[in-house]
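What Swiss-Prot says about this one:
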- 1-105: repeat 'Lumazine-binding 1' (REPEAT)
- GLY4, LEU5, VAL6, SER154, LEU155, THR156, SER170, MET171, VAL172, SER173, TYR174, THR175: 2,4-dihydroxypteridine 1 binding site (BINDING)
- CYS54, LEU55, THR56, GLY70, ILE71, SER72, PRO73, GLU74, THR75, GLY109, HIS110, VAL111, LYS145: 2,4-dihydroxypteridine 2 binding site (BINDING)
- 106-205: repeat 'Lumazine-binding 2' (REPEAT)
Amino acid sequence: MFTGLVEHIGTVLQVTEKDTTASGGDGVSMVIGDCSKILEDVQLGDSICTNGVCLTVTEFDMARSQFKVGISPETLRRSDLGELKPGSKVNLERAVKADVRMGGHVVQGHVDTIATIVNRRGDGNAINFTFKLRDSQYGKYIVEKGFIAIDGTSLTVTDVDHEQSEFSISMVSYTQEKVIMPLKNSGDSVNIEVDLTGKLIEKQIELSLLSYIKDETSPLSTLIGKLVEKKVDDVLKRN
């Protein structure tokens, strides 16, 4: 679990399409450097949120200035990590500790989809970004003043246009210095993880409704039965 408060900006040093080494897992791997600041207490097998994606550390260099991660096909489908190349900058955050304040919000590192920056404009000392979701079904989980993780950064939604599958955020000057988004422009992609709370509520309601519908003695089934009977009676009376 992560907080969405980026600790460090690293640099992609190497991307291997088919890494046959023990630490590569016979798939896509990535080496990220310029990050000794966050590697002091990280062990092999630990998780590091990389541009919003929870990735497992599989290798260090001797100086602990860089680390390797493997990237699964599912991650490549869901995120934009496949677009990264040597020189790309990435947001990094270590997994949260029990004694860390939750200054952002609960971020799993499980990216749902990507979005494209469709507008960027200055607003005093802030930068306002507008994004368009690739997969519109995730728009229902995005609400004004709610949380959202963009490239692993915990941000507050300022506006939502559900019909266009678009939403906006405003980034204050302090955050601009700590994350990679100010380096991006219109047309660039970002990783999106919607707030888990909305998903949990939706699933609980869905399962509860299904349970009530299947139970003929439940209050909901009784109510539906009465409504259907009333509708049928009304139709018969008109005929």
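Placed from the backbone N, Cα and C atoms, the Cβ positions cover glycine too.
The shown structure was predicted, so the numbers you read here are calculated from the model rather than taken from an experiment.
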**Request:** Which residue among the binding-site residues HIS110, LYS145 has the fewest other Cβ atoms within 10 Å of its Cβ, if you could check?
**Result:** LYS145
**Asked** Given the binding-site residues LEU155, VAL172, and counting only Cβ atoms in the protein chains shown, which has the most within 10 Å of its Cβ?
**Response** LEU155
**Prompt:** Which residue, out of the binding-site residues VAL6, PRO73, SER170, shows the minimum number of other Cβ atoms inside 10 Å of its Cβ in this structure?
**Reply:** PRO73
**Request:** Starting from TYR174 (2,4-dihydroxypteridine 1 binding site), work out which of the binding-site residues listed here (CYS54, THR56, ILE71) have their Cα within 10 Å, and give them in sequence order.
**Result:** none
**Fill in**
Note: in the chain of THR75 (2,4-dihydroxypteridine 2 binding site), residues six or more apart in sequence with C-beta under 8 angstroms of its C-beta are VAL53, LEU55, LEU81, VAL111
**Item:** For HIS110 (2,4-dihydroxypteridine 2 binding site), the one of GLY4, LEU155, SER170, VAL172 that lies nearest, given that the binding-site residues are compared by Cα
**Value:** GLY4
**Request:** Would you kindly give the Cα-Cα distance separating VAL6 (2,4-dihydroxypteridine 1 binding site) and ILE71 (2,4-dihydroxypteridine 2 binding site), rounded to the nearest Å?
**Result:** 20
